[in-house]
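*Asks:* The transmembrane segment feature in TrEMBL is assigned to 12-31, 37-55, 60-77, 117-136, 143-159, 165-183, 195-216, 597-617. Here TrEMBL flags 464-535 as domain 'Transglutaminase-like'. Taken from TrEMBL, the feature region 'Disordered' covers 558-589. Taken from TrEMBL, the feature compositional bias 'Polar residues' applies to 558-578.
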Amino acid sequence: MKVYTWKFNIIEYIMTSLLTVILSLSVFVGLNFKVDIVEVTSLTLVFVALSTIFLKRPQLVVTFLSTFILVDLYYFYMRKDVLTKVVLEIDKYVNWLYIYMSEPNWPEGFSRLTNKYFFTTVLLSVFLISLVITFLNRILKSYFLTMLFGILVLVFQWYNYVDKAYAFLVFYVAASFINMSVINYQKAGNGKASIASLLVIAILFSSISTAIAYTAPKNFHPLVWQTLNDKFYAAFPFTKTWRNGIGSTSDANSFTTDFSSFSQDLGGPETVSDQVVMRVKADESLYLRGEVFDTYENNKWTNSVVQHSFGRDNYFQPEFDKNIKYTIKSVEIYPVAMDTNIIFSPWQPYHVNISNIYDRSTLAMTTAGRHVKSGYTVQYYKTEISASSLEKDKVVNSSDMSMYLQYPSNLPERVKELALSITKDKKTDYDKVKAIEQYLRNTYKYNLDVPDTPQGRDFVDYFLFDLKQGYCTYFATSMVIMLRTIGLPARYVVGFKMPSQPVLGSEYDIKESYAHAWVEVPFQNSGWVTFEPTAIYQETYAGASSVNNSDVSAVQQKNDSSTVPLTKSNANQNSVQNKPIGGLSKNNTSNKNTHRMVLFVALLLLLAIFAAIRYVLLKRHLSSRRSAFLYYYNKILKRLKRRGFKRYDSETTVEFQNRILDMGFSDFDKITKIYNDLVYGNMEPSEEDIIYIKEYLKKNMGYKKFSGSKPGDLIN
């Protein structure tokens, strides 16, 4: 017999409230709402109590719904103006909530609406969560569904880069274990142990599991079933913007390996995509730097030493001579379908209006934690540097540049010999740099469909002397290494090259196919200067006219759509994705994927509701011993049928029983006798009969063990 005491009711009420508070706080963190935990707890206690009273009395539900319908009909026929105002207010709130959650760039005055709807959202969120948790935990008394609901919500948040959802998940699961202990103790109903002892043991084990979850290693890579991944992403493309399971963007590796998949295992065939990943508002076409690499080894680009600094409203000092003329310009960048913590910027950045972590050497920037979801503005130095001034300048040659002179010790000597032969007649450093750039542009063919680098071959050597075709990573890597072999420092840069023409006004669509790699070389007066060795792009300095060293606004690409993506099929968490999440203007793809996401979430909720309703109806149906026995008897018949022992229409129950006994299912004759007494003798089965048939199911039909003796206690 189940024990329902006031002590259990209080503990159950407290646990339901605790689970609701944990889930509510996580939701508010995801919404970026600053709420007071005492206020949330107070609201939760009230709503859980009201939900319990409401849900335990079906007549109240019927009364409420009937009253609501009558009031609605009254206002519809008698006060339609009032009803219209209410509907419009609801519509405004829904529109605000949609924009708040999905759009990274809010319209002017939007913050006033946020302040207006803040309390409404808090109230509604706590109420809905309280209602669901109370229904699952206090009405259905299902610790499994209670735990599952919270886990689904928190995991969904974590996959959408709410990093604190992980901590809430750990505490929610720990609280769920305590809750599970309370419910199981109630179902057991023996009363042999005190509630205090039960709670102490439950809290102890929950604390241990929480500690293990926090201290367990988390830097392992998940198993990937690529075929299943591809099918899932094809059905639900919006999930490609979710966290890929490697972990938070705030770990140490995220500072230096955001473009690791673009810079390692160089070579091999590539494919392009025209998916828009960013929208940029700028006065001119720019190179948008993502990451900068200094070390080339084993056909991979990495960074040797990175000196990070934290920036907030920081201003970068110019790295060029004070006599160089410049103006400060700005560019606005809006992520659309790209989840990354990289802050893209032209060279050289002057100011960024977002908290960042930057490398003091390269000024490559990332956010201090979460992925970039909203737009940001980068101010940069637009310098006036010409080819003639560069001819008079010299490349920086100091100990600070040693990292940019590195190349593999086993690099074939003929690479250096080729670089020397190309530059032997050149007198200035600039002429040497341009000579190698022009040699690569004029000698080698641009091609995406190239084979992998043979095992044991150096990537640069293979490209220069055998393959003689490739895309930007081939050209840029080869130029950097060739310059280094003749004593000229250079570095390898990856990011995006903006198209030459905007789509509208000053707005540019940046596609995945615009991902690019190029070269930067340091000059004593001019600072770091961009060079373009890839054949399908125009060179950055073609003559003695004034040219900007941070962009190529005067340069037109021969073919914008033929730029090379650096992404791999297994790109990391900063790779471009397929779901638009915002931008300067809405588009059909964004709306379509948003609708599919809403449909997907709605489908999950419907399935959960259907499962809960089915559970309640079935449990109510099995409250009578007659219905319970027939239910389990039919279960036995279905299990036997799956094993090849179907009861024929012409067969009596006794004939079927004898055939089953011959097959080794002992004691089936007792099941048949109870069934015949019930169906043909109209005899109500006893509680012992129900226990017997359930035990028979578990023992002979492979059903899991289940504790409980009431007819309504289901077998899992």
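Placed from the backbone N, Cα and C atoms, the Cβ positions cover glycine too.
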*Asks:* Looking at the stretches 37-55, 60-77, 117-136, 165-183, which one shares the most CB pairs under 8 Å with the transmembrane segment (12-31)?
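*Replies:* Stretch with the highest Cβ contact count: 165-183.
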*Asks:* Give the mean pLDDT for the domain 'Transglutaminase-like' (464-535) on the 0 to 100 scale.
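*Replies:* Across the residues of the domain 'Transglutaminase-like' (464-535) the model's pLDDT averages 92 on the 0 to 100 scale.
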*Asks:* With a Cβ cut-off under 8 Å, give me the same-chain residues at least six positions beyond the ends of the transmembrane segment (37-55) that come close to it.
*Replies:* 13, 16-17, 20-21, 24-25, 28, 61, 64, 122-123, 126-127, 130-131, 133-135, 138-139
*Asks:* Counting by DSSP, what is the helix, strand and coil composition of the domain 'Transglutaminase-like' (464-535)?
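*Replies:* Output for the domain 'Transglutaminase-like' (464-535) reads 21 helix, 29 strand, 22 coil.
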